[in-house]
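Chemist: Annotated domain 'Uroporphyrinogen decarboxylase (URO-D)' per TrEMBL: 22-31, 139-155, in sequence order. According to TrEMBL, the feature substrate binding site maps to Arg27, Gln28, Ala29, Gly30, Arg31, Asp76, Tyr151, Ser206, His320. The annotation site 'Transition state stabilizer' is assigned in TrEMBL to Asp76.
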Amino acid sequence: MAAAADSLLIRAASGHPGGYPPVWFMRQAGRSLPEYRELRAGIAMLDACRDPAMITEITLQPVRRHGVDAAILFSDIVVPLVAIGVGIDIVPGVGPVVEHPIRTTADLDVLREIEPADVSYVSQAVRALVGELGGTPLIGFAGAPFTLASYLIEGGPSRDHARTKALMHGQPVLWGALLNRLAVIAREFLRIQLEAGVAAVQLFDSWAGALSRADYERYVLPHSRTVLEPLAEFAVPRIHFGVGTGEFLDLIHRAGADVVGVDWRVGLDEAARRIGPGAVVQGNLDPALLLADWPVLEAEVRRIVIEGRSAAGHVFNLGHGVLPDTDPDVLSRVVDLVHSLS
Ligand SMILES: Cc1c2[nH]c(c1CCC(=O)O)Cc1[nH]c(c(CCC(=O)O)c1C)Cc1[nH]c(c(CCC(=O)O)c1C)Cc1[nH]c(c(C)c1CCC(=O)O)C2
């Protein structure tokens, strides 16, 4: 732990950057890696997420291959919900699909509080990983209340989040009760990972960008704050990420984040300005550009590293997850390039 606490990621997150920005990739573990596809063959996603040896090996794969500056726990945002008994499956090529969508007060009963014993495989994997990783920090994560609520209300992935928004505006009491339960689950799931030894946490509010600034502030921010604020006691970086949240990056920060994840729509210099003094940012290469010719990609990486220097700290990452058909050698080359820039 002492070594991980001194890592580039932890230093950049507290606003004391070293020579080059630390680099890791959202969804660095997964289908872009042949060794992942081989290991996962014939094993369902949620079964893999409940097997400590599998979690450990898959988490380590991109660290070994790319030399990234952080590992992210192999899991999924729906894992804590499945662990407390919510009927959810992860369907390949689709995403999480919910057996009984949540649409009434009675439906909330299924969302009981999570206990460490519900996810002992996660604690076990974290402890093993902290030992294996040495000085490389391990990032734990959870899905944010809004993004989890969207899956639960819609019953699966949604383009427009229409039922979610209708419930948010039309049944604000039910909305508040649902988001509060999800916030407590996310916070306790992160606490379990922190107690097992993760060096940082990331809260994924992937779909928050579907909301207006005013609606985010009123209906979502208080609940994301319920997740993040009490975790300050662990004194580790709390990263808060969403896609399309450029209009309210300051609110993402205000919810209790030390590091604000930024997608590719806003430059990091402008993002730092929007967040305010002392801003630490994470991002923000467009994952689609990993499929472009190297000279194009190289120029983008250089631009992002330069723009990141106007923030108090910068963690190099993508603006969203690695796409499955990304060439893993390109990811390794991006890591080497970032490491050569100081
Ligand atoms: C929205 C969301 C989900 N899951 C997650 C989010 C938030 C991040 C984001 O916005 O991308 C979070 C997540 N899911 C996964 C990770 C692993 C850690 C990492 O390497 O980043 C993380 C951080 C593994 C996964 N989670 C999933 C996979 C793919 C399943 C497989 O390999 O069979 C992986 C590696 C499944 C999943 N789970 C989810 C989706 C949309 C999918 C993809 C469905 C598909 O295209 O098949 C829900």
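Glycine is no exception: its Cβ is also placed from the backbone N, Cα and C atoms.
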Chemist: Identify, in sequence order, the residues in the chain of His320 (substrate binding site) that are 6 or more apart from it along the sequence and have a CB within less than 8 Å of its CB; answer 'none' if there are none.
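Modeler: Correct list: Met26, Ser206, Val243, Asp263, Trp264, Pro287.
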Chemist: So which of the recorded positions Arg27, Ala29, Arg31, Asp76, Tyr151 sit close to ligand 1, that is, with a CB under 6 Å from an atom of it?
Modeler: Arg27, Ala29, Arg31, Asp76
Chemist: Please give the average pLDDT for the domain 'Uroporphyrinogen decarboxylase (URO-D)' (22-31) in this predicted model.
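Modeler: That stretch averages a pLDDT of 97.
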Chemist: Looking only at C-alpha atoms, tell me how far Tyr151 (substrate binding site) is from Asp76 (site 'Transition state stabilizer'), rounded to the nearest Å.
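Modeler: Approximately 13 Å lies between the Cα of Tyr151 (substrate binding site) and that of Asp76 (site 'Transition state stabilizer').
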Chemist: Cα of Arg27 (substrate binding site) to Cα of Asp76 (site 'Transition state stabilizer'): how many Å, rounded?
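Modeler: So the alpha carbons of Arg27 (substrate binding site) and Asp76 (site 'Transition state stabilizer') sit roughly 10 Å from each other.
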Chemist: Other than its close neighbours in sequence, what residues sit by the domain 'Uroporphyrinogen decarboxylase (URO-D)' (22-31), given a CB gap under 8 Å and a spacing of at least six beyond its ends?
Modeler: 7-9, 12, 37, 58-59, 61-62, 66, 68-72, 74, 139, 241, 315-318, 320-322, 324, 331, 334-335, 338-339
Chemist: Please classify the secondary structure at Tyr151 (substrate binding site) using three-state DSSP.
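Modeler: Looking at the DSSP assignment, Tyr151 (substrate binding site) belongs to a helix.
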Chemist: Taking the residues Arg27, Gln28, Ala29, Gly30, Arg31, Asp76, Tyr151, Ser206, His320, which the record names as binding substrate, find the longest CA to CA distance and state it in Å to the nearest whole number.
Modeler: 23
Chemist: Sequence gap of 6 or more, C-beta under 8 Å: which same-chain residues meet both conditions with respect to Arg31 (substrate binding site)?
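Modeler: Looking at Cβ-Cβ distances below 8 Å from Arg31 (substrate binding site), excluding near sequence neighbours, one finds Arg37, Pro324.
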Chemist: Do me a favour and check the Cα-Cα span between Ala29 (substrate binding site) and Asp76 (site 'Transition state stabilizer'); whole Å is fine.
Modeler: 11
Chemist: As a test of the contact definition, list every same-chain residue at least 6 positions from Asp76 (site 'Transition state stabilizer') whose Cβ is closer than 8 Å to its Cβ.
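Modeler: Same-chain residues close to Asp76 (site 'Transition state stabilizer') (Cβ under 8 Å, separated by 6 or more) are Met45, Leu46, Cys49, Ile90, Pro96.
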